[in-house]
Amino acid sequence: MAPPAAMEETAPTINLLSNINDGNNAASQISRVTIVGSGNWGSVAAKLIASNTLKLASFHDEVRMWVFEETLPTGQKLTEVINQTNENVKYLPGIKLGKNVVADPDLDNAVRDANMLVFVTPHQFMEGICKRLVGKLKEDVVAISLIKGMEVKMDGPHMISTLISEQLRVNCCVLMGANIANEIAVEKFSEATVGYRENREVAKKWVRLFSTPYFVVTPVQDVEGVELCGTLKNVVALAAGFVDGLEMGNNTKAAIMRIGLREMRAFSKLLFSSVKDSTFFESCGVADLITTCLGGRNRRVADAFAKNGGKRSFDELEAEMLQGQKLQGVSTAREVYEVLRHRGWLELFPLFATVHEISAGRLPPSAIVEYSEHKPNCSLVEGSAQYF
């Protein structure tokens, strides 16, 4: 899908940023960008960002990308191949990242000169990464998280953006949306949402860094809402995959998606009263839910899990089907379940609870449509009596 010509000329996100100085900036004002992570989505992010840093005077041309070093079947190091071929041959084969992308296997070195950090790794690795970076960042660093997931601790759930903000003492925005990485890599039109707290100028800078004619980014003042949409939709995508694997049909899948969106909204507002209803109609909300339930990796692996009657574990299927990429839905479903159980909310969220029970092998995949006898009661959420 090509964007209309008018959109290319007057994209609202670009107009929004017209007050950012991007001409004769002093060297001290030039931002250096490092991407922490180099999987499928991280590599696509590198491609988007690298195309813009070459064009915009307020950004240093070079984009560093921290790569968890791997040895390829050829015996070569992944970082060496990326730097030689300008291509992540393992996680995004066939796509040129931009000659200004430099792969670096040394995390400390990769972030040393950066004042804009883009985090895009599996969420379960983030706490360890943050601990490694404490005290090693420049004072003016800002961050953005493209990570979908949460950490659950004794005192409750912690969003990844909060983890980054608190441990590294930086401003952390989030970017989520209907973004299947391989489609963006070949420049098919897509949208995304940047969630920010108070500093709109920082949000504008992130929008400018990511926006292209085929990737339109919109800022929204709702970090938790944007991030929870990106996190929770993977749980619903597992449910959609179970439905597909059991060949239950499109009507059932549509029902699961609607119920899933309802539970996403209710759960988000129970955790954070600041979450805005309007966020669920941004790219990070209903659009991301739809595209993930139709074509995401969580849906695909859950489909295979259901086809095998739950007899092959998600770990086994992940290793076989994703070639080193990580599922987020299964671990997120477990984390959400822990929150629900701890707070006595299990009966309020039957779809979320059932997805975890199936993923953990305690229920068969067919149970995805058997939970409906338990009617969700979300009266705890003010104004949630009426749903979409």
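Glycine residues also receive a Cβ, built from the backbone N, Cα and C atoms like all the rest.
According to TrEMBL, the feature domain 'Glycerol-3-phosphate dehydrogenase NAD-dependent N-terminal' maps to 33-199.
Residues or ranges marked as NAD(+) binding site in TrEMBL: Gly37, Ser38, Gly39, Asn40, Trp41, Gly42, Phe68, Phe125, Ala181, Arg297, Lys326, Gln328. Non-local neighbourhood of Arg297 (substrate binding site): Met321, Leu322, Gln325, Leu327, each in the same chain, at least six residues away, with C-beta under 8 Å from its C-beta.
Within 10 Å of the C-beta of Lys148 (substrate binding site) we count 26 further C-beta atoms, all protein chains included. Positions annotated as substrate binding site by TrEMBL: Lys148, Arg297, Asn298.
If you look up TrEMBL, you'll see 222-370 marked as domain 'Glycerol-3-phosphate dehydrogenase NAD-dependent C-terminal'. The domain 'Glycerol-3-phosphate dehydrogenase NAD-dependent C-terminal' (222-370) scores a mean pLDDT of 94 in the predicted structure.
What TrEMBL records for Lys233 is active site, proton acceptor. Taking Cβ-Cβ distances under 8 Å and a sequence gap of 6 or more within the same chain, the neighbours of Lys233 (active site, proton acceptor) are Lys148, Gly260, Met264, Asp288, Leu289, Thr292, Cys293.
Listed in sequence order, Asn234, Ala237, Leu238, Gly241, Thr292, Leu327, Gln328, Gly329, Val330 are the same-chain residues at least 6 apart in sequence whose CB falls under 8 Å from the CB of Asn298 (substrate binding site). In this entry, Lys148, Arg297, Asn298 make up the residues listed for substrate, with the farthest two CA atoms of the set 13 Å from each other. Note: the substrate site is recorded as Lys148, Arg297, Asn298; in the same chain, Asn234, Ala237, Thr292, Gly296, Leu327, Gln328, Gly329 also have Cβ atoms within 8 Å of that site's Cβ centroid.
Across the domain 'Glycerol-3-phosphate dehydrogenase NAD-dependent C-terminal' (222-370), DSSP assigns 115 helix, 0 strand, 34 coil.
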